[in-house]
Each structure stands twice: as C-alpha cells, then as structure tokens.
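Engineer: Structure provided below as structure tokens; questions to follow.
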Amino acid sequence: MAAETRGRRPWGSRLLGLLGLVSVSVAAAAWDLTSLRCSFGTFCECDFQPDFQALGLECDLAQHLAGQHLAKALVVKALKAFVQDPAPTKPLVLSLHGWTGTGKSYVSSLLAHYLFRGGLRSPYVHHFSPVIHFPHPSHMERYKKDLKSWVQGNLTVCGRSLFLFDEMDKLTPGLMEVLQPFLGSSWVVYGTNYRKAIFIFISNTGGEQINQVVLEAWRSRRDREEICLQELEPVIAQAVLDNPHHGFWRSGIMEEHLLDALVPFLPLQRHHVRHCVLNELAQLGLEPRDEVIQAVLDSTVFFPEDEQLFSSNGCKTVASRIAFFL
C-alpha cells in the first residue's frame with residue numbers, strides 16, 4: 001500500500017466519507033484475540049445488525065423499487081438465507097445487471113442500510129468505482145496488489161464486511177481475478193475466514209439483452225410479471241462472457257460459478273417513472289401535482305422509437321427534473 005494511504009481509508013469515495021480506517025499492514029500487525037474472534041468465531045459481528053422485519057427491507061423495496069419483481073424476490077431470498085445461516089460455506093456473491101436508472105445502486109445502498117448500523121458510512125462497507133479507484137489501466141498490477149491486500153486486511157479485521165463494486169462494465173479486465181480465492185467455498189484463505197462476507201457487483205452489461213426479452217414479452221401480450229429468471233440468466237451470462245470490457249471477462253469468476261445470483265433489473269415503463277415521481281415528491285414532503293408529474297413524463301425520452309415503451313434513463317433523472325418543474 002502506498003505510503004500516503006497509510007492511516008486512512010484507501011480509495012475513499014465521497015459517498016462513504018473519510019472514516020479513518022487503519023491500513024492493511026497495521027490491521028495485520030494488530031491481529032489480537034478480539035480480531036481473531038471477529039474473524040473465526042461467532043462472538044463479534046462488528047457493525048453488522050441485519051433488520052429484515054416486515055416493515056423494513058421488503059417494505060422499502062415494495063414501495064420504492066418500481067417494476068422489479070425478479071430483483072426484489074431474488075435479493076430478499078438470497079439475503080435472508082445467508083444472514084440466517086450461522087456458518088455459511090461461502091460468501092454471498094450477487095451480480096446486479098440492467099439498464100441505467102432501474103434501481104441497482106438503490107438496492108445496494110438499501111442493503112447496506114439494513115445490514116449495518118452505519119449503513120453506507122459503516123467502516124465495514126467498502127465501495128469501489130473504476131473511474132475513481134482504478135482509473136489507469138497501466139497501473140493494473142499495483143491495483144491488483146492493493147485490492148487483494150485491502151480485501152484480505154478488512155476481512156481480517158471483521159469477517160462481516162460488504163464490498164460493493166460499481167460500474168463493472170468500465171473496469172479493466174484482469175483486476176477481478178485477485179478476488180476469485182475470496183469468493184469460493186474454501187474455509188480459510190490467506191489465514192482469514194471470509195465466509196460471512198458479502199460481495200455485490202453492479203453493471204449495465206446485459207441491459208440490452210434484458211430489454212429485448214421484456215420487449216418481446218410486451219409484443220406477445222405477456223404480462224411483465226410472467227417473465228422468469230430462467231429466461232434472463234443465460235442471456236445475461238453470455239453478455240458478460242462476450243464483453244471484453246467487463247471486469248469478469250476471463251477472470252474465472254463466471255466459469256467457476258462463483259456468483260450466487262445474476263440479478264436482472266428490467267427496463268422501466270411510463271407508469272414506473274410516474275411511480276418514481278410520486279415517491280420523490282413524497283420524499284420532498286410535497287403533495288402530488290399533476291402538472292409536475294406530466295411535465296417530468298413529457299420530458300423523459302422513451303424507446304424503441306416505434307413503441308416508446310422504456311425510459312432511456314429509468315428513474316435516474318427524476319429528482320433533477322422535478323426540481324426543474326416545481
């Protein structure tokens with residue numbers, strides 16, 4: 001780890017803030033009885049405090065995540081099974097795929113909120129962006145070394161850690177191969193128990209293929225909720241394997257079946273965008289105003305050209321558009 005990063009959180013993003021974590025080398029040197037218990041025992045769960053009550057995660061997903069019946073079901077089922085298992089045999093590894101603005105980042109932030117007391121600001125939630133943290137392909141070997149040390153060191157400090165990797169389709173291939181040993185079913189890697197960790201990868205890869213499946217279903221007059229995971233998993237997996245710009249390309253992660261779920265996010269239609277507008281107005285403490293809702297919808301670009309069915313930006317620009325039309 002470079003000298004200038006010692007004593008503070010490497011690759012800190014504006015989202016997470018500067019939390020002052022100890023460096024990997026310091027953490028390794030200070031591996032005392034307490035950290036041993038955190039890593040290998042069941043005594044210490046660090047900041048981990050999952051809350052899956054009826055009025056918690058599922059309620060928020062139902063209220064705020066528009067048009068994503070598959071993502072809701074998959075995420076809740078996988079997460080509940082994982083956190084209720086006192087001795088999981090491998091970490092939970094989810095890969096979220098879909099068009100921009102469909103809710104991938106929102107779901108990730110919501111999971112952090114319901115899993116850790118500090119939410120995204122928890123010292124055990126680690127967020128990575130290729131543009132911010134791995135911007136130079138020529139530095140890939142150094143990035144590999146740093147990333148491996150960072151993951152290993154933080155899992156040594158606390159096995160209950162969440163790692164978020166955003167924009168995987170903008171990541172230089174090769175970096176993710178260093179994570180492969182951490183994602184499988186071995187009991188101990190590099191002297192660290194990592195089976196209680198959670199890894200979430202986010203990308204737009206597969207979005208076009210998902211859109212095409214949903215479009216064909218609409219043209220066939222099939223109900224959107226009839227679309228099943230078995231229709232989408234193969235096309236998403238192939239899109240990832242065929243994309244030389246995706247972080248999983250030739251990493252072995254896909255080929256070794258280390259992902260617990262490929263989570264599809266479907267493109268949003270006009271009534272879903274309207275739902276987002278209503279939610280945003282409620283968040284602002286404002287009553288629904290028909291003229292504002294209609295103005296936002298009228299300013300949203302929909303595709304394909306003939307059907308005008310899906311929002312080109314999902315709900316991503318709803319907040320800024322509302323502010324403009326208020």
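Cβ coordinates come from backbone N, Cα and C, glycine included.
Okay, so TrEMBL annotates it like this:
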BINDING   Gly98, Trp99, Thr100, Gly101, Thr102, Gly103, Lys104, Ser105  ATP binding site
DOMAIN    271-325  domain 'Torsin-1A C-terminal'
SIGNAL    1-30  signal peptide
Engineer: Report the DSSP secondary-structure composition of the domain 'Torsin-1A C-terminal' (271-325) as helix, strand and coil residue counts.
Structural biologist: 31 helix, 4 strand, 20 coil
Engineer: Between Gly98, Gly101, Gly103, which of the binding-site residues has the fewest other CB atoms within 10 angstroms in the structure shown?
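Structural biologist: Lowest Cβ count within 10 Å among the binding-site residues (Gly98, Gly101, Gly103) is Gly101.
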Engineer: If you average pLDDT over the domain 'Torsin-1A C-terminal' (271-325), what do you get?
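Structural biologist: Mean pLDDT for the domain 'Torsin-1A C-terminal' (271-325): 95.
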Engineer: So if I measure Cβ to Cβ from Lys104 (ATP binding site) and keep only same-chain residues at least 6 apart in sequence, which ones fall under 8 Å?
Structural biologist: Leu96, His97, Gly98, Ile202, Phe265
Engineer: I want to check the contact list for Trp99 (ATP binding site): same chain, sequence separation of six or more, C-beta distance under 8 angstroms. What comes out?
Structural biologist: Asn204, Gly207, Glu208, Ile210, Asn211, Phe265, Pro267, Leu268, Phe310, Gly314
Engineer: Would you identify which of the binding-site residues Thr102, Ser105 has the most other C-beta atoms lying within 10 angstroms of its C-beta?
Structural biologist: Thr102
Engineer: Name them in sequence order: residues not among Gly98, Trp99, Thr100, Gly101, Thr102, Gly103, Lys104, Ser105 whose Cβ is within 8 Å of the mean position of the Cβ atoms defining the ATP site.
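Structural biologist: The surrounding set, listed in chain order, is Asn204, Gly207, Phe265, Gly314, Lys316.
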